[in-house]
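A.B. asks: Pasting the relevant annotations from TrEMBL:
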type	residues	note
TRANSMEM	62-81	transmembrane segment
TRANSMEM	101-121	transmembrane segment
TRANSMEM	133-151	transmembrane segment
TRANSMEM	157-178	transmembrane segment
TRANSMEM	185-204	transmembrane segment
TRANSMEM	216-237	transmembrane segment
Amino acid sequence: MPRLEEHCWSCSCSPSVKTQELSSASWIVCKTGEMMSIITSVLRHAYGSMHSLQSANLMRRGLVLFIVGVVLALVLNLLQIQRNVTLFPEEVLDTLFSSAWWIPLCCGTAAAVVGLLYPCLDHHLGEPHKFKREWASVMRCIAVFVGINHASAKLDFANNVQLSLTLAALSLGLWWTFDRSRSGFGLGLTTAFLATLIAQLLVYNGIYQYTSPDFLYVRSWLPCIFFSGGVTVGNIGRQLAMKCVEK
């Protein structure tokens, strides 16, 4: 009899035990699901905030680079016009800045694109640029670039080849002094090639012209100016990107 009673007791209690275990498991699964949904929501919100912050930083950097490109284009193009290196129609020279409206816009856009590409390429290659990363070095680089452009209009050589070789050496010296990176050299050459090609097309279509062209429709030293300009804008873009990361 005792064994039979114990057996009946155990049999009668086992369904309730199983029910409690199932309910406990369901509760754990439910709470785990709630926790996972909360974690997913937090991560999604954090990603959205980070993405919006990165977009805002990108827009600010692009705007600063655009303004820098516009200012440099107005100043340096005016220098070229005053020295009769480039020729524009009379109605263009009668404007406020003695420059065609599309020149600062194109140069500003190009400066924004090139300046944003430099840090992106550094990150893609896994080679963060840390050589002379301070604003004093960037300002000296800008000064040297303006000096190279000034030399292209002021210096008098026996022929354009000598001037081109001199400006090429100065441009390489600018890259070696303030950059020394493979990405900077490669993007500088790419910028020089594309910008020179666009200038050739513009002169070919009569938009403006160069006096004494010796490299198809333009001056042979023009790629040197574009190369040093690309390196300069790239240094500005890198410095802006580094400041945004520090913040």
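Cβ coordinates are placed from backbone N, Cα and C, and glycine is handled just like the others.
Nobody curates TrEMBL annotations by hand; they come from automatic prediction.
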A.B. asks: To the transmembrane segment (216-237), which of 62-81, 101-121, 157-178, 185-204 is linked by the most Cβ pairs under 8 Å?
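C.D. replies: If we count Cβ pairs closer than 8 Å to the transmembrane segment (216-237), 185-204 scores highest.
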A.B. asks: Mind checking which residues reach the transmembrane segment (185-204)? Cβ under 8 Å, same chain, six or more beyond either end.
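C.D. replies: That would be 110, 114, 117-118, 121, 175, 179, 210, 213, 216-218, 222-224, 226-231, 234.
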